[in-house]
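Engineer: First, the structure itself, so that you have it in front of you.
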Amino acid sequence: MPPTNQSTPAFSPADVTVLFVLGGPGAGKGTQCARLVRDYHFTHLSAGDLLRAEQDRPGSQYGQLIKDCIKNGAIVPMEVTVALLEKAMRDTISATGNKKFLIDGFPRKMDQAFKFEEVVCPARLVLFYDCPEAVMERRLLERGKTSGRADDNEESIRKRFRTFVETSMPVVDHYDAENRVVKVDATPPPDQVYAETQVKLKKVLGDKL
Ligand code: C5P
Ligand code: MG
């Protein structure tokens, strides 16, 4: 067996395209990702959705940990999330052959960013949905009426906003300093946000994305 080299990512960015999709809770990441999937054949992987599925998986050793983190808007230890994402990418590639990924809601913390790019795949860019807290709060409370999510309530929302400002914005700032961020104003209605998303992404990635 050849020795394993920790610093070689599992996937080459020449072969696999990863766009990180960031923005505060309620910025509209999932809504925009759905449109990009429809029009440009990306596979959408939401870190939050993968964590919620793992939480509910019978026999998961991380169920309670994930549940507590989500309720408190805290970041789940990166080993868990990075492993779930890598598995989902492998499963997608072997099942469908699709190698274009929108990784939504990740990385939320600097350690996740470094770990993922080191062991899984360097990202092509970061798509950042910028939105004022008042707008996000209104959307989350509206979604909370039907989402059934344990964290779409006022107390959890306040904690999620705090985590976003203190822990996740530094990730956006880090990539911005490397000129790897495409920033979109997420305040307008979804169609308008999507129009701006397409224009700005095409400038960087070309017309076919
Ligand atoms: O992105 P979403 O709002 O679905 O995330 C819900 C929760 O999942 C976050 O508030 C956090 O507790 C957890 N999460 C995480 N690390 C990520 C993404 C989500 O810990 N990269
Ligand atoms: Mg989401």
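The backbone N, Cα and C atoms fix where each Cβ goes, and this holds for glycine too.
Quick caveat, the model's predicted, so the values are computed rather than measured.
Not my notes, these are from TrEMBL:
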- G26, A27, G28, K29, G30, T31, R143, P188: ATP binding site (BINDING)
- 46-76: region 'NMPbind' (REGION)
- R52, A74, I75, V76, G105, F106, P107, R108, Q112, R149, R160: ribonucleoside 5'-phosphate binding site (BINDING)
- 142-152: region 'LID' (REGION)
Engineer: Please work out the number of neighbouring Cβ atoms within 10 Å of the Cβ of T31 (ATP binding site), leaving out its own Cβ.
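Structural biologist: So the Cβ neighbour count for T31 (ATP binding site) comes to 14.
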Engineer: Just to be sure I understand, if DSSP states are collapsed into helix, strand and coil, how many residues of the region 'LID' (142-152) fall in each?
Structural biologist: 6 helix, 0 strand, 5 coil
Engineer: Helix, strand, coil residue numbers for the region 'NMPbind' (46-76) per DSSP?
Structural biologist: 19 helix, 1 strand, 11 coil
Engineer: Could you tell me the C-alpha distance between R52 (ribonucleoside 5'-phosphate binding site) and R143 (ATP binding site) in angstrom, no decimals?
Structural biologist: 17
Engineer: Please name which of the binding-site residues listed here, I75, G105, P107, Q112, R160, is nearest in space to K29 (ATP binding site), Cα against Cα.
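Structural biologist: Of the binding-site residues I75, G105, P107, Q112, R160, G105 has its Cα closest to that of K29 (ATP binding site).
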Engineer: Among A27, G30, R160, P188, please name the binding-site residues whose Cβ is nearer than 6 Å to ligand 2.
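Structural biologist: What lies within reach of ligand 2, judged by Cβ under 6 Å, is G30.
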Engineer: Rounded to a whole number, what is the top Cα to Cα distance in Å among the residues the record ties to ribonucleoside 5'-phosphate, namely R52, A74, I75, V76, G105, F106, P107, R108, Q112, R149, R160?
Structural biologist: 24
Engineer: Can you tell me how many other Cβ atoms are located within 10 Å of the Cβ belonging to G30 (ATP binding site)?
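Structural biologist: For G30 (ATP binding site), the count of other Cβ atoms within 10 Å is 17.
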Engineer: Could you give the maximum C-alpha to C-alpha distance in Å for the residues G26, A27, G28, K29, G30, T31, R143, P188 that bind ATP per the record?
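Structural biologist: Per the listed residues, the maximum Cα distance equals 17 Å.
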Engineer: Given the binding-site residues A27, I75, which one has the fewest other C-beta atoms within 10 angstroms of its C-beta?
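Structural biologist: Looking at the binding-site residues A27, I75, the Cβ with the fewest others within 10 Å is that of I75.
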